[in-house]
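Quick paste of what TrEMBL says about this protein:
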- A:23-42: DNA-binding region (DNA_BIND)
- A:71-262: domain 'BPL/LPL catalytic' (DOMAIN)
- A:Gln118, A:Arg122, A:Gly123, A:Arg124, A:Lys189: biotin binding site (BINDING)
Protein chains: 2
Amino acid sequence: MSSRIREQLLSLLLHNTDSFISGEEISRRLQCSRAAVWKQIEELRKEGYQIEARPKKGYRLVHRPDRVAPEELKPHLSTRRFGRRILYRQSLPSTQPLAHDWARQGAEEGALIITEEQTQGRGRMGRVWHSPPHSGIWMSLILRPPVPLAQAPQLTLLASVGLTRALRRETGLDIQIKWPNDLLIGRKKFCGILTETRGEQDRVQYVVLGTGINVNVSGTHWPDELKDTATSLMIEGKRSYRRADLIAAILKELEELYDGYLSHGFEPIRILWEEYAGMLGRNVRTLTPRGPVEGTAVGLDGSGALLLRQGEEVIPVFSADIDY
Amino acid sequence: MSSRIREQLLSLLLHNTDSFISGEEISRRLQCSRAAVWKQIEELRKEGYQIEARPKKGYRLVHRPDRVAPEELKPHLSTRRFGRRILYRQSLPSTQPLAHDWARQGAEEGALIITEEQTQGRGRMGRVWHSPPHSGIWMSLILRPPVPLAQAPQLTLLASVGLTRALRRETGLDIQIKWPNDLLIGRKKFCGILTETRGEQDRVQYVVLGTGINVNVSGTHWPDELKDTATSLMIEGKRSYRRADLIAAILKELEELYDGYLSHGFEPIRILWEEYAGMLGRNVRTLTPRGPVEGTAVGLDGSGALLLRQGEEVIPVFSADIDY
């Protein structure tokens with residue numbers, strides 16, 4: 001009850017920042033008591049919202065903290081499904097296991113698990129992914145694509161495209177995709193995508209699409225090796241970004257691409273992907289589970305494998321540690 | 001401690017059914033006290049083992065109940081990995097979810113989850129699978145094939161072949177495979193296989209291979225519809241079978257086929273599969289998620305999809321409700 005009131009209250013305040021809105025007006029529109037309004041104003045202030053109160057005039061939102069709580073996200077969402085159900089925590093070991101649990105219990109497609117901080121964030125192959133509080137986007141999205149299990153890896157590529165397009169538009173930065181699941185600015189990584197799939201026989205039951213995006217990470221505490229390979233939107237853009245705005249843009253872009261994927265398949269995604277992949281035409285060295293493979297990156301095949309040209313041959317490469 | 005003694009005691013008794021073995025001899029070989037031996041004899045008797053005791057001569061196993069507990073399985077296992085770690089329960093809702101939990105916690109390949117009874121046994125697509133106590137084999141095996149996610153469905157076909165070969169040898173019954181995951185005698189189903197896969201990006205993390213086999217199910221309580229479509233080894237063979245012996249044979253066959261699969265790929269499995277598939281050359285009607293498809297079953301393709309010939313065309317079919 002109180003979270004509904006809080007979401008609606010914040011939405012009202014967010015849409016009325018130019019003028020004051022009276023406690024009576026708020027109470028009428030939210031269909032709750034003045035006391036309830038006052039209580040939620042206080043709760044919001046505790047969360048860092050600066051709300052000016054003037055006698056006879058009412059309330060006005062002066063400053064919003066950068067939070068990813070549902071009341072911050074929902075006013076900006078223009079999606080039909082993605083982000084309509086949100087599970088939010090201040091801190092989690094990691095969003096992925098919770099997303100799996102929720103998916104197994106039947107959470108619908110588009111359900112989002114998001115946290116301010118991960119204490120045990122993980123990338124591919126169990127590698128550590130640092131997820132400090134209030135400075136990045138650490139979230140997992142539940143998808144239920146009615147496709148064969150073999151096509152599940154295409155969701156990673158779709159997500160790479162969606163995140164790239166949304167963040168390019170929002171930040172103006174030159175974001176590029178590095179196969180299989182990284183986003184770079186320059187040659188440094190600021191975002192990773194992790195796709196975990198559950199299948200029955202040859203069908204997908206669900207996909208948990210996880211992403212970690214360094215937004216306002218300053219990197220000052222990073223060890224030198226990390227400073228050579230990692231970055232953030234703030235470092236590259238020399239400003240901070242409001243994460244809720246980025247998330248709304250990301251979810252909108254992902255939902256559009258995903259609906260297109262379900263209708264038209266992977267080919268349109270593949271074409272977009274090749275546009276944003278900075279590695280095409282370059283020599284790449286990969287260390288695959290089958291051993292080292294080297295060649296010129298020439299594109300993706302229909303299933304999402306990276307194609308490397310070695311002389312006359314073109315070889316598909318699956319998940320690998322790639323180096324170029 | 002006591003389960004180790006019990007396993008070794010039972011193994012001793014099982015290998016000495018022609019003569020008596022003295023309490024002193026048992027105590028010496030098991031490196032435990034006479035009192036401990038006596039305690040375990042009593043525990044076994046409570047489980048239904050008939051152990052004759054004669055003064056000055058010792059103990060002799062007269063009758064073993066049909067159980068699938070580790071102490072019954074281990075004396076017969078000749079595998080290297082499969083069944084070496086066993087999680088056994090008298091009753092479970094279902095072996096699959098427990099197997100997933102165990103796999104996620106890192107259980108090694110070949111770990112087996114087995115129960116006397118399932119109260120919520122499930123087949124494909126969540127359909128009910130009846131698993132009454134002490135009359136069938138309800139188990140899940142954890143595998144970690146280092147293969148792309150797209151190949152995970154091949155494990156269902158491998159398991160179909162392994163179960164068919166082992167059970168044909170043990171029972172002499174004419175067992176045939178019905179794609180995608182049933183075993184039949186005549187036209188009636190007595191066994192189902194359920195493969196659930198967890199993948200990260202495009203690799204398999206683990207596969208939980210579940211199977212339900214109607215061994216000594218009498219079927220007298222079945223509704224008429226079930227009597228038309230289902231059967232058991234006991235109904236067809238007109239005798240009861242010791243489930244521990246069947247499990248040992250199944251695990252041995254599965255391990256051999258699986259090792260061969262890891263070394264030589266799917267082709268040898270595919271050839272065997274086509275030998276045992278009773279449907280080849282027949283007209284089949286399938287109801288796939290994409291709609292009804294009909295044609296003559298002509299074999300499997302390299303990925304494990306069923307190939308149906310429609311005139312000049314050959315169409316691959318994935319998971320489907322098949323009817324013929």
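Backbone N, Cα and C define each Cβ position, glycine as well.
I'd like these features described in context: how deep, what's nearby, how far apart.
If one looks beyond the DNA-binding region (A:23-42) by at least 6 residues along the same chain, the residues whose Cβ comes under 8 Å of a Cβ in the stretch are 2, 5-6, 8-9, 12, 51, 53, 58-59.
Across the domain 'BPL/LPL catalytic' (A:71-262), the model assigns an average pLDDT of 94.
Taking the Cβ of A:Arg122 (biotin binding site) as reference, residues of its chain lying under 8 Å away and at least six apart in sequence are, in sequence order, A:Ser94, A:Gln96, A:Val128, A:Trp129, A:Leu194.
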For A:Arg124 (biotin binding site), just give me the three-state DSSP call.
helix
Let's check the environment of A:Gln118 (biotin binding site): how many other CB atoms sit within 10 Å of its CB?
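Excluding its own Cβ, the number within 10 Å is 24.
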Under 8 Å Cβ-Cβ from A:Lys189 (biotin binding site), six or more apart in the same chain: what's there?
A:Lys178, A:Asp182, A:Leu183, A:Thr229, A:Ala230, A:Thr231
Taking Cβ atoms only, which of the binding-site residues A:Gln118, A:Arg122, A:Gly123, A:Arg124, A:Lys189 fall under 8 Å from chain B?
A:Arg124
What is the Cβ neighbour count of A:Arg124 (biotin binding site) at a 10 Å cut-off, with all protein chains included?
19
Over the span of the DNA-binding region (A:23-42), count residues by DSSP class, listing helix, strand and coil in order.
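Once the DSSP states are binned, the DNA-binding region (A:23-42) shows 17 helix, 0 strand, 3 coil.
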Tell me the Cβ contacts of A:Gly123 (biotin binding site) under 8 Å, same chain only and six or more apart in sequence, or just say none.
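In sequence order, A:Trp129, A:Gly192, A:Leu194, A:Gly212 meet the Cβ cut-off.
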If H, G and I count as helix, E and B as strand, and all else as coil, what does DSSP give for A:Gln118 (biotin binding site)?
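For A:Gln118 (biotin binding site) - judged by DSSP and reduced to three states - the answer is strand.
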